[in-house]
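Peer 1: One structure, pasted below without further comment.
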Amino acid sequence: MDLQIIQNKIFEVRGCRVMLDFHLAELYQVETRALKQAVKRNLSRFPSDFAFQLTKDEWQGLITNCDKFPENIRHTPTPPLAFLEQGVAMLSSVLRSQTAIDVNISIMRAFVLMRQMSIGYEELLKRIEELEQSTDAQFSEVYQALTQLLSKPDPKPRKPIGYRTYDE
């Protein structure tokens, strides 16, 4: 299974990366209704840090920001379930088909790849901040040097040129 397809079905909700029930049902090749039934029968396996029901506002926010949802899904009366990485792993124990196992392995690889990419982004951001600080310091030194060169020095008292008169 192509990891890019799976990565496109991973969203960020409540600061966590999640997959929605209808996308998982599509990948596992089962009906969404059957997937939700399996979860309800095994509710003790899905605590709130494994899976949760989206609020209507969260669901509307996803619909507004993402045009990837089919039209029939957009207008469902109840918001979908959102499964975190651990919840997706737990689904493989609830759905016991070979397809579920194979798809689950691909999904886990996608989550791991996204985590590694985010770590890489954090390292890049840190490096960029370090470069900004060093260039800021260098620009500050250059600015000070230019300021000194451009500032007019205090005029030294000079001896007048020409003849002196004794009246002075």
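Every residue gets a Cβ built from N, Cα and C, even glycine.
Bear in mind that TrEMBL entries carry predicted annotations, made automatically and left uncurated.
So TrEMBL lists these for the protein:
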COILED    114-141  coiled coil
DOMAIN    8-94  domain 'KilA-N DNA-binding'
Peer 1: Within the domain 'KilA-N DNA-binding' (8-94), how many residues are helix, strand or coil going by DSSP?
Peer 2: 45 helix, 15 strand, 27 coil
Peer 1: Averaging the per-residue pLDDT over the coiled coil (114-141), what integer do you get?
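Peer 2: Here the mean pLDDT over the coiled coil (114-141) amounts to 81.
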